Amino acid sequence: MTDNIPLQPVRRPKRHDGKHRNGCCPWSRCCGMGDFRPRTVWLGHPEKREQRYPRNVINNQKYNFFTFLPGVLFNQFKYFFNLYFLLLACSQFVKELRLGALYTYWVPLGLVLIITIMREAVEEIRCYLRDKEVNSQIYSKLSTRGTVKVKSSGIQVGDLIIVEKNQRVPADMIFLRTSERNGSCFLRTDQLDGETDWKLRLPVACTQRLPTAADLLQIRSYVYAEEPNIDIHNFIGTFTRVGLFDLEVNCLTKILFGALVVVSLVMVALQHFAGRWYLQIFRFLLLFSHIVPISLRVNLDMGKMVFSWMIKKDSKIPGTVVRASTIPEQLGRISYLLTDKTGTLTQNEMVFRRLHLGTVAYGMDSMDEVQSHVFSAYTQPTHDAPASRAPAATKVRKSIISRVHEAVKAIALVHNVTPVYESNGVTDQAEAEQHYEDTCRVYQASSPDEVSLVQWTESVGLTLVGRDQSSMQLRTPTGQILNFTILQIFPFTYESKRMGIIVRDESTGEITFYMKGADVVMAGIVQYNDWLEEECGNMAREGLRVLVVSKKSLTEEQYQDFEARYVQAKLSVHDRSLKVATVIESLEMEMELLCLTGVEDQLQTDVRPTLEILRNAGIKVWMLTGDKLETATCTAKNAHLITRNQDIHIFRPVTTRGEAHLELNAFRRKHDCALVISGDSLEVCLKYYEYEFMELACQCPAVVCCRCTPTQKAQIVRLLQERTGKLTCAVGDGGNDVSMIQEADCGVGVEGKEGKQASLAADFSVTQFKHLGRLLMVHGRNSYKRSAALSQFVIHRSLCISTMQAVFSSVFYFASVPLYQGFLIIGYSTIYTMFPVFSLVLDKDVKSEVAMLYPELYKDLLKGRPLSFKTFLIWVLISIYQGSIIMYGALLLFESEFVHIVAISFTSLILTELLMVALTIQTWHWLMIVGELLSLACYVASLVFLHEFIDVYFIATVSFLWKVTVITLVSCLPLYILKYLRRRFSPPNYSKLTS
């Protein structure tokens with residue numbers, strides 16, 4: 001996958017002496033030529049660098065061997081003082097100006113210059129020795145020969161360098177891997193910014209997962225870095241690794257190379273190692289070099305570009321962006337999909353669903369009753385002054401109207417929402433806000449939960465119409481404006497999980513402290529009750545986000561005392577945060593519980609059918625969320641992530657090793673059930689029983705992890721990769737999902753209300769979760785199958801001509817003589833066969849609608865059947881058969897001249913390749929037909945210019961035509977027959993659907 005690198009690279013010290021240096025920092029211009037520009041650096045391959053870089057040497061010398069004397073003299077005589085004496089000494093060469101002996105002027109000047117030259121020479125030597133000491137520091141470099149020692153001055157751009165503990169960083173470097181299992185590394189930047197504290201740095205995720213450092217050389221990857229700049233604290237770049245498919249192709253290429261070596265050795269052995277046999281080995285290695293196809297990588301890379309273009313141009317998944325064009329075929333082999341909940345499976349648009357007062361609850365079907373109670377609170381004579389409060393000693397049970405009114409008013413006040421008035425798209429505070437026009441009002445807040453609550457209070461009659469830093473205005477159902485002064489506000493934080501506000505009612509002068517927050521913290525703040533915990537659990541099980549709302553009335557003296565202590569705490573120099581929190585907590589005691597609110601996050605469009613498609617495709621879906629257990633479980637059921645007939649095992653909270661052991665044993669006794677576990681329990685299980693837990697979790701049809709931190713999300717992805725060896729895909733929409741997305745083999749970002757952090761960090765970006773189904777089932781499947789067919793056909797093309805060369809050499813006494821030369825060998829892999837072979841990127845076995853309707857077709861890809869050792873062996877055998885038939889046929893049927901063998905065999909080879917492409921194609925595209933005809937036309941037209949290799953008069957004879965026809969039919973007809981028989985008696989799954 002592709003990883004965005006937001007941190008700065010490990011950088012070498014910069015010089016601050018203000019002098020020009022010939023240093024080699026990679027951010028320097030290339031030997032002083034050209035402007036700064038971005039660069040692409042291939043890992044472990046310095047020879048692939050796009051431009052010429054300076055040497056990695058520290059050079060603090062002012063001069064070199066040739067510039068020393070001229071430089072010293074220039075620096076001395078550029079000052080008027082020395083220049084003056086030089087002119088005086090020179091004037092003595094003029095007889096008319098000579099005042100005495102020459103030495104009286106030149107000896108003093110000479111002594112001064114000699115001393116200066118000696119001083120400069122000593123400084124230069126010292127500087128040279130210091131530089132040499134730094135440049136001669138030994139580092140370990142990873143290479144194909146293993147770990148080798150290299151001087152700092154010998155390090156090149158693209159080298160893989162091992163930096164040991166307490167060793168200086170020799171150049172600007174990207175952190176790829178560390179020996180620490182947790183992937184952390186601490187370093188000091190004292191030579192950059194003077195800071196001596198240790199700073200944490202994390203490596204690129206996908207390279208850290210490699211088993212050993214040597215595996216860095218086995219992957220095909222590169223770093224794209226921004227243009228050099230002087231900012232030492234920021235660096236923007238992308239790291240791109242070739243995916244699993246490329247590793248498999250790389251493995252097949254190694255096998256082909258082994259075959260190349262074996263064939264060469266066999267040829268020499270059959271000569272009984274006569275003469276200079278070692279030279280013959282190299283000749284045969286060159287002769288059979290086509291066994292390893294040089295065009296394979298080019299074809300695959302071009303194919304990936306086509307696949308990426310197809311994804312971006314698909315009108316059924318508009319807005320999809322491919323940020324990593326090197327891994328589209330990875331989408332065709334996903335085994336585990338890990339998804340966030342809020343904003344990914346859900347819309348992150350909150351709708352108010354429930355108001356619970358303890359003894360009575362109001363749902364969506366009874367909101368008219370709430371509206372009626374609020375209206376009555378402001379219209380009935382007994383409630384003309386709704387803000388008045390009964391004396392604290394009075395324990396008269398409040399009426400339901402009063403309770404509903406107080407709850408609604410509290411919800412309308414305790415928030416950070418600001419109403420903004422817009423007119424014709426332009427904010428007009430002077431006019432629209434003055435009349436509080438409902439049609440122009442828009443609510444702005446940092447949280448959609450807050451907006452949904454304020455919108456609900458508006459729907460039941462109490463409307464937030466104005467707010468600034470110090471006041472708030474509510475409008476009652478009767479049109480009356482209630483003014484409140486904001487005395488203090490305590491914002492929501494993830495640590496406190498609550499927010500509060502102190503307001504003064506301007507009509508009565510009463511001061512009230514309102515607070516809302518999560519039930520886990522509010523339970524210890526409100527007065528004792530016997531229904532809070534139970535009802536919070538019930539509402540969470542319905543998939544609602546629950547907030548507890550409370551209040552506390554304050555006298556003027558109580559508030560003044562609090563304010564004095566609060567201001568004093570905020571002015572404290574030491575432990576300010578702790579002292580401020582302590583003062584606030586002094587108010588948060590014995591608060592009156594008013595109500596519970598429940599809001600629901602709506603599911604994204606078509607989430608249920610999308611998850612059904614993924615499940616039928618054999619992809620296991622894990623939901624990782626920060627929500628509480630009950631809410632996460634309900635959402636999983638609602639989205640059909642957990643089906644109705646599936647059992648659910650809710651992992652009990654565990655804190656010790658013994659508890660984790662008992663709960664894992666209980667879980668082990670259950671079969672085919674979904675797992676729901678909290679982040680705290682997960683951490684304990686992974687600490688003591690990582691292997692056992694992952695083994696059991698991987699057997700579950702679905703897993704829900706709640707209360708998960710971003711670090712835990714990334715850890716789960718990494719463990720799945722390590723334990724199963726399967727490909728993973730992570731989907732998220734927020735900044736807290738970035739670590740998970742970057743850790744996965746394929747990262748998909750959903751552009752949602754939480755910003756674009758996830759989509760920018762992902763390999764693929766979609767606008768809706770439902771697009772994931774088509775991205776995997778159609779594009780992922782097609783990309784993988786097409787890449788597999790393309791790679792194997794390119795290998796077949798190379799093996800076929802290599803087999804012909806082997807037969808030709810063996811017939812002619814194992815001579816290392818090439819069968820085809822010049823343009824024939826070049827044209828074979830280019831204009832004669834390139835277009836039909838590459839047209840395989842347009843092939844498809846089923847229509848996209850069928851692939852979506854029958855996601856079970858995706859299961860075959862999870863086993864890697866399109867590209868396996870079995871299919872590779874089949875293509876090898878086909879290549880050997882066809883190459884042998886063509887070559888032996890040409891040898892048997894040629895008449896007298898060698899050039900006739902070339903004409904017959906090469907023409908048969910071209911026709912065989914074109915027919916084999918036609919045999920491989922499953923759904924014809926008009927460009928495929930054009931490619932076939934164009935290649936054939938290019939070959940026929942080029943015969944006129946190939947008289948050096950082919951007898952033009954011979955190819956116009958009937959003898960040539962029937963010999964080529966017979967050889968081609970014997971080469972291809974059996975394969976066509978086998979394909980027909982296979983489709984007739986053992987058809988693949990997709991052929992059953994298409995028929």
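Every residue, even glycine, has its Cβ placed from backbone N, Cα and C.
Per TrEMBL, region 'Disordered' is recorded for 1-21.
Among the features that TrEMBL reports, compositional bias 'Basic residues' is placed at 11-21.
Per TrEMBL, domain 'P-type ATPase N-terminal' is recorded for 45-105.
Here TrEMBL flags 100-122 (among others) as transmembrane segment. Here the transmembrane segment (100-122) has long-range neighbours at 62-63, 68-69, 72-73, 76, 82, 85-86, 88-89, 92-93, meaning same-chain residues at least 6 beyond its ends whose C-beta is under 8 angstroms from one of its own.
Beyond the transmembrane segment (255-274), the same-chain residues lying 6 or more positions past its ends with a Cβ under 8 Å from any Cβ of the stretch are 280-281, 284-285, 287-289, 291-293, 795, 798-799, 802, 806, 809-810, 814, 816, 872. Taken from TrEMBL, the feature transmembrane segment covers 255-274 (among others).
What TrEMBL lists as transmembrane segment is 280-300 (among others).
Residues annotated as active site, 4-aspartylphosphate intermediate in TrEMBL: ASP340. Remark: ASP340 (active site, 4-aspartylphosphate intermediate) has MET623, LEU624, THR625, LYS713, VAL731, GLY732, ASP733, GLY734, ASN736, ASP737, MET740 as non-local neighbours, by Cβ distance under 8 Å and separation of at least 6 in sequence.
Marked as ATP binding site by TrEMBL: ASP340, LYS341, THR342, GLU450, PHE492, LYS516, ARG545, THR625, GLY626, ASP627, ARG707, LYS713, ASN736, ASP737.
The Mg(2+) binding site annotation in TrEMBL covers ASP340, THR342, ASP733, ASP737. With a cut-off of 8 Å between CB atoms and residues at least 6 apart in sequence, the same chain places ASN348, ASP601, THR625, GLY626, ASP627, ASP733, GLY734 near THR342 (ATP binding site), listed in sequence order.
The domain 'P-type ATPase C-terminal' feature in TrEMBL is assigned to 760-987.
Per TrEMBL, the feature transmembrane segment maps to 794-814 (among others).
Annotation comment: TrEMBL describes 820-842 (among others) as transmembrane segment.
Under the heading transmembrane segment, TrEMBL lists 872-892 (among others).
The feature transmembrane segment is assigned by TrEMBL to 898-919 (among others). Tertiary neighbourhood of the transmembrane segment (898-919): same-chain residues 793, 796-797, 800-801, 804, 819-820, 824, 828, 832-833, 836-837, 839-840, 882, 886-887, 889-891, 928, 932, 935-936, 939, 949-951, 954-955, 960, 963-964, 967-968, 971-972, 975-976, 979, selected by CB-CB distance under 8 Å and a gap of 6+ residues from either end.
Annotation source TrEMBL lists transmembrane segment at 926-946 (among others). Tertiary neighbourhood of the transmembrane segment (926-946): same-chain residues 823-824, 827, 831-836, 838-839, 842-843, 907, 910, 914, 917-918, 952, 955, selected by CB-CB distance under 8 Å and a gap of 6+ residues from either end.
Annotated transmembrane segment per TrEMBL: 952-978 (among others), in sequence order. With a threshold of 8 Å between CB atoms, the same-chain residues lying at least 6 positions outside the transmembrane segment (952-978) that come near it are 878, 881-882, 885-886, 889-890, 893, 895, 899-900, 903-905, 907-908, 911-912, 915-916, 919, 943-944, 946.
Neighbours of ASP737 (Mg(2+) binding site), defined as other CB atoms within 10 A of its CB across all chains, total 30.
Taking the Cβ of ARG545 (ATP binding site) as centre and 10 Å as the limit, one finds 20 other Cβ atoms among all the protein chains shown.
Contact count against the transmembrane segment (280-300) (Cβ pairs under 8 Å) is highest for 794-814, out of 794-814, 820-842, 872-892. Highest Cβ count within 10 Å among the binding-site residues GLY626, ARG707, ASP733, ASN736: ASP733. Counting residue by residue with DSSP, the domain 'P-type ATPase N-terminal' (45-105) contains 31 helix, 0 strand, 30 coil. Residues within less than 8 Å, Cβ to Cβ, of PHE492 (ATP binding site) and separated from it by at least 6 positions along the same chain comprise ASN416, SER447, ARG498, MET499, GLY517. Sequence-distant contacts of the transmembrane segment (872-892) (same chain, six or more residues past either end, CB-CB distance under 8 Å): 252, 255, 792-793, 795-796, 799-804, 806-808, 811, 901, 904-905, 908-909, 912, 916, 963, 966-967, 970-972, 975. Comment: ATP site residues ASP340, LYS341, THR342, GLU450, PHE492, LYS516, ARG545, THR625, GLY626, ASP627, ARG707, LYS713, ASN736, ASP737; largest CA to CA distance 29 Å, whole number.
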